[in-house]
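Pulled from Swiss-Prot:
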| type | residues | note |
| --- | --- | --- |
| BINDING | Leu20, Asn27, Lys157 | xanthine binding site |
| BINDING | Ala129, Asn130, Gly131, Cys132, Ala133 | 5-phospho-alpha-D-ribose 1-diphosphate binding site |
Amino acid sequence: MKLLEDKILKEGILLEGNILKVDSFLNHQMDVKLFNEIGKEFKRRFEGCNINKILTIEASGIGIATIVSQYFDFCPVVFAKKVDAANMDKDTYESKVHSFTKNKTYNVRVSKKYINKGDKILLIDDFLANGCAALGLIDIIKQGGAELAGVGIAIEKGFQKGRKELEKVGAKVESLAILDKIENDKVYFK
């Protein structure tokens, strides 16, 4: 998606360890106009998949998933929680997820009330690196007896193993901007 690639080139900041900082428009301050175009593009790519629910993980995927929902008849958006909360149901589906950026493992949870047999779920997230978050969410979908319709990613680090890991479990992966490499303080797209 050229619009997203242009935004990355213009506003993205490269940090040590191949970390692309896009907090000015994607995962801290949100460019809602861009998100709207992202929603339209995911609708185009997942047209006909009969999606009735969107699943993401807190926190950075929530904004994108909410906008994407508009293009799938305002279907519910569910997000997996990384932290225990007093108001969280005790009856949950759980999976372990390792964060590439934070180098930390989380036990993510979704209430059993929100993932059901017969659901056709689209996973949405801001980044795909090693695939750990998406694999954890796919595990939760399976625990609930629901069906994975596909995985929609804003930015994929194509030089990491995430896509291969997701394709191994049969996931349809659609990424809007695929980084081919980060070299000499420059981003290259596939």
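Glycine residues also receive a Cβ, built from the backbone N, Cα and C atoms like all the rest.
Long-range Cβ contacts of Asn27 (xanthine binding site) within its own chain (separation 6+, distance under 8 Å): Ala59, Ser60, Gly63, Asp126.
Distance between Cα atoms for Gly131 (5-phospho-alpha-D-ribose 1-diphosphate binding site) and Lys157 (xanthine binding site): 10 Å, as a whole number.
Between Ala129 (5-phospho-alpha-D-ribose 1-diphosphate binding site) and Lys157 (xanthine binding site), the C-alpha separation comes to 5 Å. Per Cα geometry, Asn130 is the residue among the binding-site residues Asn130, Cys132, Ala133 nearest to Lys157 (xanthine binding site). According to its DSSP assignment, Cys132 (5-phospho-alpha-D-ribose 1-diphosphate binding site) is helical. One residue stands out among the binding-site residues Leu20, Ala129, Asn130, Ala133 for having the most other Cβ atoms within 10 Å of its Cβ: Ala133. A gap of 18 Å separates the Cα atoms of Leu20 (xanthine binding site) and Cys132 (5-phospho-alpha-D-ribose 1-diphosphate binding site).
Under DSSP, Leu20 (xanthine binding site) is assigned to a strand (E or B) in the three-state scheme. Fewest Cβ neighbours within 10 Å among the binding-site residues Cys132, Lys157: that distinction goes to Cys132.
The xanthine-binding residues named in the record, Leu20, Asn27, Lys157, extend over a maximum Cα to Cα distance of 16 Å.
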